[in-house]
Amino acid sequence: MLWLAAVPVIAIVAGVIGWLLDWRLGVDSAVYRAGALTLLNGDPLYEANSLSTEPWWALLPFTYPPTAAMMFAPLALMPIQVAWGVLAAVSILAMALCIRVAIGSLPRLPGDVSRWAQPGRATLVFAVVLLGLEPVWRTVFLGQINLILMALVMVDVLVVTARGSRWGGIMVGVAAAVKLTPIVFVGHLLFTGKWRDALRALATFVALQGLMFLIVPSDAWRYWTHTLPDTGRIGPLHWAGNQSLNGLFNRLTDLAPWASTAAYVAAFALLVPSIWLVVRFHRKGQALAALLVTAFWILLVSPVSWSHHWVWAVPLIVLLVSRLPQTTLSTAWRRWVAAAAVVVVFASCVLLIMPNGRDIELHWDFWEFVIGSAYILIPFVLAAVLTVRWYLLRRRPPVREPAKDNVDASMVN
């Protein structure tokens with residue numbers, strides 16, 4: 001595990017060196033730090049498209065709730081580059097924690113103990129390899145918080161609530177207060193029978209938002225009434241980096257005025273089958289798979305899901321790899337292909353290779369639309385494979401065990 005600890009240390013050292021040499025490190029972490037400084041200075045967070053405390057190379061609007069600016073306050077104590085190094089280090093450790101939690105939540109089958117006898121070593125291997133995924137390294141490079149939010153949700157849902165702790169749901173509420181999309185995991189807790197934890201998560205979220213109405217009422221009011229509905233403030237919805245149904249529909253329709261509405265209708269249509277999958281996986285004792293269904297649903301239906309938001313590929317790959325040895329030689333290739341395809345898609349940086357920007361995405365050829373929607377296609381392909389597999393299993397005649405009397409008679413003879 002010392003190798004894993006070395007990577008965050010390297011990130012912090014890089015931040016210190018970047019500060020001394022005035023490198024441009026962490027565009028998003030610079031915005032987070034500026035938001036914290038703005039809040040502490042008593043200046044408005046949302047009245048302009050940039051903050052006065054931002055460096056010239058990170059002039060972007062602050063799009064998070066005021067709660068996030070409060071949570072980012074420790075970054076205000078550091079130089080911009082050091083703040084990036086610290087956030088990058090925490091993100092890498094958060095990814096390792098997610099991998100460890102994912103391994104711990106895997107269902108244990110007979111004869112399956114030896115493969116996970118040393119979960120620390122497995123965590124290290126996964127962490128080193130999965131740093132190469134585009135959502136992961138881009139999150140670290142930008143100074144984003146996606147891995148940290150994922151860790152909060154996974155620890156809460158798969159560890160704290162699974163153990164029946166009275167603290168269950170609180171971390172989900174905190175994650176939702178920082179970045180609204182994790183609020184969907186309140187519904188996940190409800191549909192998996194954890195209604196007390198869901199109520200705690202919702203209460204935590206509401207309490208933190210209420211606190212900001214007391215501390216900075218004007219900012220809180222402006223966020224909920226003006227900033228949140230203004231999706232254009234986040235960035236161009238049709239850009240290739242927006243790997244959500246909303247982004248796809250806007251690209252396909254050349255920014256038709258009804259594109260976003262159609263995307264939300266499609267999202268609503270996906271709700272019922274997604275809930276069915278969550279409940280089915282949960283009842284089969286597959287908590288990680290159930291959580292991944294919820295995570296990928298919100299990635300698909302969110303107005304904006306930048307490619308670095310897809311860090312949920314990390315526990316997905318852990319799950320797929322865990323299933324590789326649990327099959328016969330005749331079917332092993334199918335699972336190997338599925339796992340390899342997911343790794344290739346998220347590690348290939350295909351979205352960086354595709355022509356994009358300046359509305360080029362609106363004029364893609366068919367094959368460019370397919371490749372440029374690779375992240376979006378992964379959940380649909382996996383769901384289709386599951387559906388076909390379950391259909392074939394239902395059609396397969398049940399295996400009948402020989403009657404006990406016949407077995408006894410054959411043993412006597």
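Each residue, glycine too, has its Cβ placed from N, Cα and C.
The model shown is predicted, which means the values in this text are computed figures rather than measured ones.
Copied over from TrEMBL:
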TRANSMEM  56-77  transmembrane segment
TRANSMEM  84-103  transmembrane segment
TRANSMEM  115-133  transmembrane segment
TRANSMEM  140-161  transmembrane segment
TRANSMEM  167-191  transmembrane segment
TRANSMEM  198-216  transmembrane segment
TRANSMEM  255-279  transmembrane segment
TRANSMEM  286-304  transmembrane segment
TRANSMEM  310-329  transmembrane segment
TRANSMEM  336-354  transmembrane segment
TRANSMEM  366-392  transmembrane segment
Same-chain residues near the transmembrane segment (255-279), Cβ under 8 Å, at least 6 residues beyond its ends: 188, 191-192, 237-238, 244-246, 248-249, 290, 293-294, 297, 300-301, 303, 362, 383, 386
Residues of the parent chain within Cβ reach of the transmembrane segment (336-354), under 8 Å, 6 or more residues beyond its termini: 132-135, 240-241, 243, 307, 310, 313, 316-317, 320-321, 323-324, 364, 368, 371-372, 374-375, 378, 382, 385
Which of 56-77, 84-103, 140-161, 198-216, 286-304 contacts the transmembrane segment (115-133) most, counting Cβ pairs under 8 Å: 84-103
The transmembrane segment (56-77) and the transmembrane segment (286-304) contact flag, 3+ Cβ pairs under 8 angstroms: no
